[in-house]
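Asker: Taken from TrEMBL, the feature compositional bias 'Acidic residues' covers 295-308, 340-351. Residues or ranges marked as domain 'G' in TrEMBL: 76-135. TrEMBL lists 291-351 with the feature region 'Disordered'.
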Amino acid sequence: MDLVPRNNVEKWLQFLGNELPVIAFKCATQVQEKNLPGAGKRVNPACVDLSRGTVSYGASSLLKILHSLCQTEAIKVGLIGFSNVGKSSLINTLKQYKVCNVGSLRGTTRIMQDVNIDNRIKILDSPSLVVSPDNPPVTLFMRSAFHRDDDDNLAHANKILKHCEKQQIMLRYNVPDYRNSSEFLDLLARRRGLYKKKGLPDVEAVAKIFLAEWMGARLCYYTVPPASCSSHIDATQTSAMKKRVNCKLLDSENKKSIKGVRNPSPSCSIPFNFSHITNGILDENEIIEQKQEPSDLDNEEEMEDKDIGEDQKETQDAEEQSASGKKTVKSVSFDKPANTDEDYDFNADFN
């Protein structure tokens, strides 16, 4: 919640709170291994100095809810979400030191990982949800966990710019008025001193930098909640969840967290005009496997399989011909004629 304006946080809390209890959360982004006492050495996690990490908000509220659900037995909490939204950072914040790998690149978490918060709470860190292909193209790019180096960066930058206000883009990147995305990238490349040979602006390089800022946490942008959205959770489940949580206490703690967090001003953040909720794939049978180019090792294995198949075919043909009583005659061709007396190799006597 520290990456969007305060009024936008309040709107999303109200919108999402119609279905399930919501916690306004801010991760401790600098809880890393180097903050541990005796960096580079094995230390006891119970002796970690917690005062050296950045302050987080919402962690105590989340732990209160989880402890209220495990009064009779231990629980395992599944943590799900799209790529690069802070799932592993949330676990590190609750654990108060680094136990999960985090990074600005999408798809950092590749395998399931169980993390013991205490003796009664275990959190399951999982890879990101798969974005459904029926989403708009800009959503597929910004939420998909799959990213290739050969993607068309210019086309992706154009998709993002179409959903942003021009005045906010001009203020954020300090560029004059532009007519289209190509002119914007040209101006931005000149602004940042990115040139190719013969003094031409390096549009490809600046487009890659532009997209990296939108994928990371350096750029503050936000979306407005949609006016209406069909609920995908049954009303009985919603009421059952709210009975297990003290919603009034949670609302008061959310208000305290919002007041304590330093949010960016509306002038420093970019509104992203998009009201479509991202759809994910919940059934693994709907996932379309991407075709990958075979590696050199795979090519060698295919060639070996092909040679083995040809040898088996020749053996089978020979057996069929012998069974039918036919003799097989193999024609042999030599590059050189047979050795004559003049071509006699005297070294053969000494072998």
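Including glycine, each Cβ sits where the backbone N, Cα and C put it.
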Asker: Give the residue counts of the domain 'G' (76-135) per reduced DSSP state, in the order helix, strand, coil.
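Answerer: Final tally across the stretch: 9 helix, 14 strand, 37 coil.
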Asker: Could you give the mean pLDDT over the domain 'G' (76-135), rounded to a whole number?
Answerer: 81
